Every structure is written in C-alpha cells, then in structure tokens.
C-alpha cells in the first residue's frame, strides 16, 4: 500500500469506528505509524477527521431519525438512550468530550443530534476529544 492508500484506509477505519458499526481505528493508526509511510501529524489528522466525520453521521442519525428511537433497529438501545439523555441534560455539550470513549461516545453523539445540539458547537468539541485520543495512541506507538 502506498502512503495515500494507507491514509485512506485509516480515514475509513476512523469514520466507521465513530459510527455504531465496530471499528479498530487505533490499531490502524498504530500500523500506519509503525510503517513510517506518513508523518505522525498527518496520520493523526486523518484519523481525527475521519472519526469526527463519523460522529457527525451519528449526529445526523439522531437529528433526523430520533423520532424512530423506539424502533428495534435504532442504533442506540433504549437503556443507553435514556442514560445518554440524562448525562447530556445534566452536563450539557461538554459531555461530548467523552465522545471518544468506547460504548459511551456513540450514544452521546446520537443524543446530541436528537437534542438538536448546534453543529457549530458539536464539531469542535468532538474533534478535540477525538484528537486527544489519537495523540495518546500516537504517543504510545512512539514509546514502543
């Protein structure tokens, strides 16, 4: 794979990882960094952009499909939905700083859409959280 191909794969992995689909973007980032075909800055930027865009997809699901939350195929279970709504109402938009946390972040980003959090507020908070996660992963890779 060329550097561009690896970065494209990283972007897709990060995007999918941020949706309700399973993904392994941290492992892909570590692999790209280990191969050395890209700078850390570019690889972290690509992963952050892809993961943030995936979270925007979750926001859109919540924004436009939230009325179907009782449908069995809605991507967030009723229990996780209620917990995420309660957390969001208690802490407000800063709770999105936890959007990087597995199993917690996806419902939060969907709920942000359901509760109509403005996209101009949503994107920078989520991007910051995703960037922090990928910086930690990149730092760990460089240590080992």
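Heads up, the Cβ atoms here are built off N, Cα and C, so glycines get one too.
Note that TrEMBL annotation is computational and uncurated.
Counting residues of the domain 'VTT' (22-141) by DSSP class, helix then strand then coil, yields 93 helix, 0 strand, 27 coil. The domain 'VTT' annotation in TrEMBL covers 22-141.
What TrEMBL lists as transmembrane segment is 40-61 (among others).
Within the chain, the transmembrane segment (95-115) has long-range Cβ neighbours (under 8 A, six or more residues past its boundaries) at 18-20, 51, 55, 58-64, 66, 69, 75-76, 80-81, 83-85, 87-89, 122, 125-126, 128-130, 132-133. Under the heading transmembrane segment, TrEMBL lists 95-115 (among others).
Summarising the annotation, TrEMBL assigns transmembrane segment to 121-143 (among others).
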Long-range neighbours of the transmembrane segment (121-143), counting only residues six or more past its ends (CB under 8 A):
18, 26, 29-30, 33-34, 40, 43-44, 47-48, 51-52, 55-56, 59, 93-94, 96-100, 105, 109, 112
